[in-house]
Structures are given as C-alpha cells and as structure tokens.
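J.: Following this message is one structure expressed as structure tokens.
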Amino acid sequence: MENRWQVLIVWQIDRQKVKAWNSLVKYHKYMSKKAANWRYRHHYESRNPKVSSAVYIPVAEADIVVTTYWGLMPGEREEHLGHGVSIEWQYKEYKTQIDPETADRMIHLHYFTCFTESAIRKAILGQRVLTKCEYLAGHSQVGTLQFLALKAVVKVKRNKPPLPSVQRLTEDRWNKPWKIRDQLGSHSMNGH
C-alpha cells in the first residue's frame, strides 16, 4: 500500500503567541464566561503528537477549530522553533480550511457584542441601540455614511484583556521591521 499524504495549511507562529492565545481563550472561557461554550483540548487528548492544543468554537451548527502545533520544521530564526496554527471550519463530516480573517468575522458575528448596520435602522426608529463593539477589527470594510456617523458618536472602550483573535494569532510580525524607539541615552541601539 502506498503512502497517502494530506496537505494542511499551517501558519508559522512563535511560541509566545501560542501561550498568549491559550491564555486568552482560557480567561474568556472560565473567568469572563464570554467563551463559556468553547471547548479546549489539551495536547494529551489528541492522537497526533504534533498537536499542542485545539480550540473548538461553535458557530451556529458548525465549529471553527483552531489547532496549534509544535515540533514542526525548524524556522529561519531561533524564536520560530516550528510552532504553527491551522484553522478549520467543520460541519458534521465536512471540513475545510479557512483564513484567519474569515474565522474572526464568523466568530465576531456570533459571539461579540457589537453594533452593526441594523443599529442604524434601530436608531432611526427610536429603538434602543447597543453602543459598543468588543471587536472593532470585524468592521474592517468601508461602511455606509450612516454607519460611519454612528461609529463616530459611539465611544470606543478597550477590553482588558482583549478577546482572542485568530487574525492576531497568525499575523506575520517576523517580516516587518522592528520599531525601536530612539532614546537619547541609549548608545547601543543607534550604534554610536
């Protein structure tokens, strides 16, 4: 019998991001209860030795599964060390991979308190409008003029700690140059 290969898209991330992601998920699952029905699977609950953890996020009748891996191919730098994450959408027996932006949008629409375009209609009709959004990155598209006006009126309140974001987990910070503040007293930073 021949070998059967299975290809999986895995975003390479550093170990600290995996720790931060797991910490945020556990905080909002057990402390704030915003993610109370999310399921967290530890590495010892998986049959795959490369799986570090898996978070099952129910969205309607399906699940978004965010799986973190360890012990993958070594990265270009020491901090890469072969950690990665994959994101799947599962409905019964059907599975497909999705990108982090789509996953965040689906999670945002289902879990986070948010004013949406329906808030414009509610405001015009004089009904009560939810005045906050816990995940502003979910509104990355250009909105209507009324929606932008409503966003201008609503005060932004930051959550401490932030809600878990798949997009933030997979963002590529390695290829972006580091921004180091130039301090007058620091000679080692600017080479003088």
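Cβ from N, Cα, C; glycine included.
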J.: Can you say which of 4-13, 24-33, 144-153 is given as motif 'BC-box-like motif' in Swiss-Prot?
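T.: The listed stretch tagged motif 'BC-box-like motif' in Swiss-Prot is 144-153.
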J.: Rounded to the nearest Å, what's the C-alpha distance separating H108 (Zn(2+) binding site) and T96 (phosphothreonine)? Just drop the number here, would you?
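T.: Here the two Cα atoms are 19 Å apart.
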J.: Could you state the whole-number distance in Å separating the C-alpha atoms of T96 (phosphothreonine) and S165 (phosphoserine)?
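T.: On Cα coordinates alone, these residues lie 19 Å apart.
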J.: Find, for the listed recorded positions T96, H108, S165, the residue with the lowest Cβ contact count at a 10 Å cut-off, counting only other Cβ atoms.
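T.: With the recorded positions T96, H108, S165, fewest surrounding Cβ atoms within 10 Å: T96.
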J.: What parts of the chain pack near the region 'Interaction with host APOBEC3G' (40-44), using Cβ distances under 8 Å and only residues at least 6 beyond its ends?
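T.: For the region 'Interaction with host APOBEC3G' (40-44), the sequence-distant neighbours (Cβ-Cβ under 8 Å, at least 6 residues beyond its ends) are 22, 25-26, 29, 51-56, 70.
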